[in-house]
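**Q** I am attaching a structure below and will ask some questions about it afterwards.
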Amino acid sequence: MSTINIESLDQDTKDEPKEQTQEDNNEVLKVLEEKINMMDPKNTSGDTEVVITNFLKSKKEVKWYVALLVIRVFAFVFCLIAFSVLGASEQRVLVSENLTNWYSSGFTIQTPYEFHWYKWDEFRYSFAANVIGFVYSGLQICHLVMYLITKKHTINPKLQGYFNVAIDQTLAYILMSASSSAATAAHLLKDYWLEHGADTFIEMANASVSMSFLAFGAFALASLVSGIILCRFT
């Protein structure tokens with residue numbers, strides 16, 4: 001009889017910690033529920049689902065805004081390199097020319113030629129387009145950084161979305177047009193002036209055109225991402 005009592009006592013002592021932990025967990029859950037109800041007494045299961053949905057939506061929205069920020073940084077850098085290289089493209093070459101007149105058999109003179117980007121309308125067009133894209137991208141980067149920090153829009157997000165899509169598409173078309181015209185001018189210069197020693201100017205012009213085309217691609221991609229943000233999150 002004593003052994004049975006001892007075994008039952010041992011089993012009771014083993015079960016007591018389990019029951020105690022369950023009671024503690026139940027008390028913790030009750031306290032949490034009371035705190036939630038105190039914070040929002042009208043909270044229901046439907047409201048909780050809405051909150052969770054909005055939270056997941058905001059996380060996706062932040063990811064798209066981060067992607068847009070990265071694209072705008074690339075556009076900013078490409079435009080900066082494009083107009084910086086084009087603005088520095090200057091060269092002076094000496095071209096040998098043979099002259100013949102009635103009193104001599106002919107002689108050779110060296111005529112200096114100076115190459116400056118602002119002497120061609122195509123290069124001026126490309127320079128202006130990249131400067132505009134550079135300034136616009138810088139302003140957009142500042143705005144996106146401010147939004148990611150504060151999570152607040154400075155203006156109506158729908159209105160801003162329409163503005164972003166319109167300006168991104170416009171600048172993409174302008175950069176494509178400017179890059180194409182500058183590439184044509186550089187190709188025409190290469191056909192004649194490359195053999196006369198103007199290779200440095202032509203190479204810098206081609207490098208600027210390449211960066212301008214990359215800036216066009218960045219703005220086209222930014223327009224696409226801005227449209228996705230406008231359609232899905234505003």
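Yeah, the Cβs are placed from backbone N, Cα and C, and that goes for glycine too.
Feature table excerpt (Swiss-Prot):
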- 11-21: compositional bias 'Basic and acidic residues' (COMPBIAS)
- N98: N-linked glycosylation site (CARBOHYD)
- N206: N-linked glycosylation site (CARBOHYD)
- 1-24: region 'Disordered' (REGION)
- 1-65: topological domain 'Cytoplasmic' (TOPO_DOM)
- 87-128: topological domain 'Extracellular' (TOPO_DOM)
- 150-169: topological domain 'Cytoplasmic' (TOPO_DOM)
- 190-210: topological domain 'Extracellular' (TOPO_DOM)
- 66-86: transmembrane segment (TRANSMEM)
- 129-149: transmembrane segment (TRANSMEM)
- 170-189: transmembrane segment (TRANSMEM)
- 211-231: transmembrane segment (TRANSMEM)
**Q** Provide the three-state DSSP residue tally for the topological domain 'Cytoplasmic' (150-169): helix first, then strand, then coil.
**A** 14 helix, 0 strand, 6 coil
**Q** At a C-beta cut-off of under 8 Å, are there same-chain residues at least 6 beyond the transmembrane segment (211-231) that contact it? List them, or none.
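**A** Result: 61, 64-65, 67-68, 71-72, 74-75, 78-79, 81-82, 85, 126, 129-130, 133, 158, 161-162, 164-165, 168-169, 171-172, 175-176, 178-179, 182-183.
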**Q** Using DSSP, tally how many residues of the topological domain 'Extracellular' (190-210) sit in helix, strand and coil.
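**A** Per DSSP, the residues of the topological domain 'Extracellular' (190-210) fall into 19 helix, 0 strand, 2 coil.
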**Q** For the topological domain 'Cytoplasmic' (150-169), what's the model's average pLDDT?
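**A** Taking every residue in the topological domain 'Cytoplasmic' (150-169) and averaging pLDDT yields 90.
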**Q** For N206 (N-linked glycosylation site), which residues in the same chain are close in space, meaning a Cβ under 8 Å from its Cβ, but six or more apart along the sequence?
**A** A183, A186
